[in-house]
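Student: Pasting a structure here, questions to come.
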Amino acid sequence: DHSSSLSQFLRVTKQYLPHLARLCLISTFLEDGIRMWFQWNEQRDYIEATWNCGYFLATCFVLLNLIGQLGGCVLILSRNFVQYACFGLFGIIALQTVAYSILWDLKFLMRNLALGGGLLLLLAESRSEGKSMFAGVPSMGESSPKQYMQLGGRVLLVLMFMTLLHFDSSFFSILQNMVGTALIILVAIGFKTKLAALTLVVWLLAINFYFNAFWTIPAYKPMHDFLKYDFFQTTSVIGGLLLVVALGPGGVSMDEKKKEW
C-alpha cells in the first residue's frame, strides 16, 4: 500500500526532512550571496552604471545583498529569528526586483514571486512551531493565517515550477511538462499532496542533475551561469516541495476536506 510505505518513509525522515527542505529552499539565496562575494566588483559596477548612484551606494547595495542573504540563510538554518530572517529575505527579493529591473522580465519576476512562496512556507512552518506572530488574535476555527500562508506558499510554488518548464517541442520536454504540471496541480489543490510532492521531488532531482549539470561546463562560458542559475532554482523548488511533504498541505486543501466528508 502506497500510503503506508509513504508514511513510514515520513516517520523515518521526520527529523531530517525539514532541515534538508530548508537548506534546498534557501539555496538560491545562499548561492546569490556567495556570488556577491566572488563577483563583488562586477556587481557593484553594474549597479553603479545602471542607477548612476555613485560608488558608495553601489557598494552598500552589494554589501546589503551579501550580508542580508547569507545572514538570513544562517538564521533560517539555525532556527533563530526565523520570521525576521524571512522578512529580511522578502526585502532583498523586493530590492533586487527593482535594482535589476526584474519587474519587466516575466520569467525573473515569476521566479522572485516563487521564492517569496518558499519563504511563505518557511514562515508558516516557523509559526506552526508554536511561536505565533499573531499571539492574542482570536483564530477563526482552523483557517488561521498560517493555513492561508501554506496555501499561498503552495500556489506560489506552482509559479516557481512554471518557470522550470521547457517550451520546446521535443517529446521529452512535452512529457516532462505534462507529468510535472499534473503533479504540481495536485500539490496546489492539496490532493494526495505528500505523495504528489514527493514524486515531483524525485522527478525534479533527476532532471536537475541531468540537465543542469553546470559543473560539467567551464566557468568562463555563459552557459555555466545559466545552468547554475536553473540548478539552484530547481533546488529551491525541491526545497519548497520537501517542506510541503514535511508539513502536509495545511487546512485549505482537498486532503483535509476529504477528512471532513
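The backbone N, Cα and C atoms fix where each Cβ goes, glycine too.
Unlike curated entries, TrEMBL annotations are predicted automatically.
Residues or ranges marked as transmembrane segment in TrEMBL: 55-77, 84-103, 171-191, 198-219, 231-252.
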Student: Within this structure, do the transmembrane segment (171-191) and the transmembrane segment (84-103) have 3 or more Cβ pairs under 8 angstroms, counting pairs 6 or more apart in sequence?
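Tutor: Taking Cβ pairs at least 6 residues apart, the transmembrane segment (171-191) and the transmembrane segment (84-103) are not in contact, as fewer than 3 fall under 8 Å.
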Student: Counting only residues 6+ away from its ends, which parts of the chain sit with a Cβ under 8 Å from the transmembrane segment (231-252)?
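Tutor: Hits for the transmembrane segment (231-252): 10, 14, 17-18, 20-28, 31, 111, 114-115, 117-118, 121-122, 124-125, 128, 142-144, 146-148, 150-151, 153-154, 157, 160-161, 163-164, 187, 190, 193-194, 197-198, 200-201, 204-205, 207-208, 212-214.
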